[in-house]
Amino acid sequence: MSEQQKLYPVPSELAKTAWIDKEKYLSMYKESVENPEAFWAEQGKRIDWMKPYTKVKNTSFDSHNVDIRWFEDGTLNASVNCLDRHLEERGDEVAIIWEGDDPNEDKKVTYRELYHEVCRFANGLKKLGVKKGEVVTLYMPMVPEAAVAMLACARIGAIHSVVFGGFSPDAIASRVISSDSRVIITSDEGLRGGKQVPLKENVDEGLTNPKVKTVEHVVVLKRTGGDIAWHDDRDVWWHDLVKDAADECAPEEMKAEDPLFILFTSGSTGAPKGLKHTTGGYMVYASMTHQYIFDYHPGDVYWCTADVGWVTGHSYIVYGPLANGATTLMFEGVPSYPSHSRFGDIVDKHGVTILYTAPTAVRALMAQGDDVMGNTKRDSLRLLGSVGEPINPEAWQWYYDKIGNSKCPIVDTWWQTETGGILISPLPGATDLKPGSATLPFFGVQPALVDAEGKILEGATEGNLVILDSWPGQGRSIWGDHERFVQTYFSTYQGMYFTGDGCRRDDDGYYWITGRVDDVINVSGHRMGTAEVESAMVAHQAVAEAAVVGYPHDIKGQGIYVYVTLADGFDPSDDLKKELVQWVRKEIGPIASPDVVQFSPGLPKTRSGKIMRRILRKIAANETDGLGDTSTLADPSVVDDLIANRAIK
Ligand code: PRX
């Protein structure tokens, strides 16, 4: 029997204690789509409201009027839901377990400590004049202060924009420019895999961009104590800012639809866009999905290995778990340092019961061999999760056997920056698993598969994945560009949210995500627009033209394959290849490093000058037998040259 046909039934022990069993899933799901108003009116109560809502759902996917509002007349504060409301019952319980890059460094922060830290820092931000509604940019390492800064923004009604610590100075600058941030919060350096990451230096360099005009203050957390440049008129140490700050800070009363954060993500065209997430619906959805999908119970030690710079870190390290009063583990380092058994070491050290990671990490460990987990036992684990890209059945099986000791269900969670929370996933007490399938929709989520014309396809079939109606965690807009939001997600298929993903549905109604159908690639679970990499490439003087495609990569899922036509006066060489790779790392960040560069005298274009990416994708994937019709090309001989000089032999 192939892996894909194997079925892993819900373990009976788990079904007994799980929040949701099969029957409950079916009845709640039915209610959630047949009567969303009543369903979400009830579910919304899981959050503490300052003023309760009377309206529940007011949403339109009509491309002439995309407007999404949930619980719109209610008011609340996200940080109160993550902190204040837990103080009485579990103030002295651990909110955050922090595990440093160095295995000898760790720390536990209780809910009470976190509450006071957040209040102190919120008061510090107020001293800098931060006001409700303004965007504060964070560029932080994986330390508890990253969560503190996010929650402090939420407390005073500022909107945080977290920029992943692996992005380049240019990426910081462009995000600061599009959000008009006055304040940036960073750290002297980060630590990953024993190496320093020059965070403050990157911020300094980003701010030399003359188009950055708004930044008045850079708050710097001392993490490593490394040498950094200092601008007296602009820079302020975190510890100085909070020195005399009070450890109580009254929370701002926010409307449900006031923004909580923006988060930049890549699309198929143009520069990354800032997705806007609002407060009420997001909190309801993040906390509910966290509780049910990870079957979170008090006493669990929950670890999501993502970085707070991604949406997974927002919803499933910070907001979801903390809203639920959970213990959430935050890891500063990487799975391979100081050795490849680090994940197992951390699980054993802290008694982790729920582990949520990405297929790329699983595949990287798998490549080290079956005994990579060394002497670690991992007995405490009871549930595993996967996110960010399709998990191939082999990796699923290895994760199940070698990390989870063949006893932990795996929740393969499909979602996106835009969706705010998980949309398609097993519920561990309700869903029988098939390796490689994200299985079934969460409550309130109505997926459908459509053909190119937008016709809804029934039964077992394959098509483009759309969602037919709104759910509370959904992103509401693109910061400063609602029209782009409408164009990107609601104009391809009328009245539907288009995900950009292809998907198959089997006879049991299970969903199998097949990957992006647009010009977005997914490299190690990091989402990247091919257009972004191309525009970085052509900014180099040696490059006349560049085309970027994804190709299958054993560990990364997809690798980045770049075809380059050189400008006059430049000759192909290995040194130039290296230089171009370095160039992209500098322009965007290390995650965008091309894996393969192929020089080519020309690119396959139609007579109207459009690059035929389909052909480039096939050549990169070494599927040169099935190139299809090349007769419409302006110069078909280009293809022969590309095949003959394919960069991966
Ligand atoms: O292609 C899908 C893939 O990641 C994309 C979303 O990327 P991003 O916004 O960066 O969010 C990643 C973390 C939520 C999707 O369009 N993707 C995410 N999860 C899965 C997945 N593909 C297959 N299976 C998944 N579980």
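For all residues, glycine too, the Cβ spot is worked out from N, Cα and C.
No curator has checked TrEMBL annotations; they are predicted automatically.
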From the candidates Arg476, Arg484, Arg527, give the one listed by TrEMBL for the same ATP site as Gly388, Glu389, Pro390, Asp412, Thr413, Trp414, Trp415, Gln416, Thr417, Asp501, Arg516. Arg527
According to DSSP, how is the domain 'Acetyl-coenzyme A synthetase N-terminal' (25-82) divided among helix, strand and coil residues? 26 helix, 11 strand, 21 coil
Averaging the per-residue pLDDT over the domain 'Acetyl-coenzyme A synthetase N-terminal' (25-82), what integer do you get? 98
When the Cα-Cα distance from Thr312 (CoA binding site) is computed for each of the recorded positions Thr413, Val538, Lys610, which gives the smallest value? Thr413
With respect to ligand 1, which members of the binding-site residues Arg192, Gly388, Val543 satisfy a Cβ distance under 6 angstroms to one of its atoms? Gly388
Helix, strand or coil at Val538 (Mg(2+) binding site), per DSSP? helix
Can you name every residue in this chain, apart from Val538, His540, Val543, with its Cβ inside 8 Å of the center of the Cβ atoms of the recorded Mg(2+) site? Ala536, Met537, Ala539, Gln541, Ala542, Ala544, Ala546, Val564, Ala567, Leu580, Trp583
By DSSP, how many residues in the domain 'AMP-binding enzyme C-terminal' (532-610) are helix, how many strand, and how many coil? 24 helix, 27 strand, 28 coil
10 Å Cβ neighbour count around Val543 (Mg(2+) binding site)? 20
So what sits near Gly194 (CoA binding site) in its own chain, CB-to-CB under 8 Å and at least six residues off in sequence? Asp101, Asp102, Tyr337, Pro338
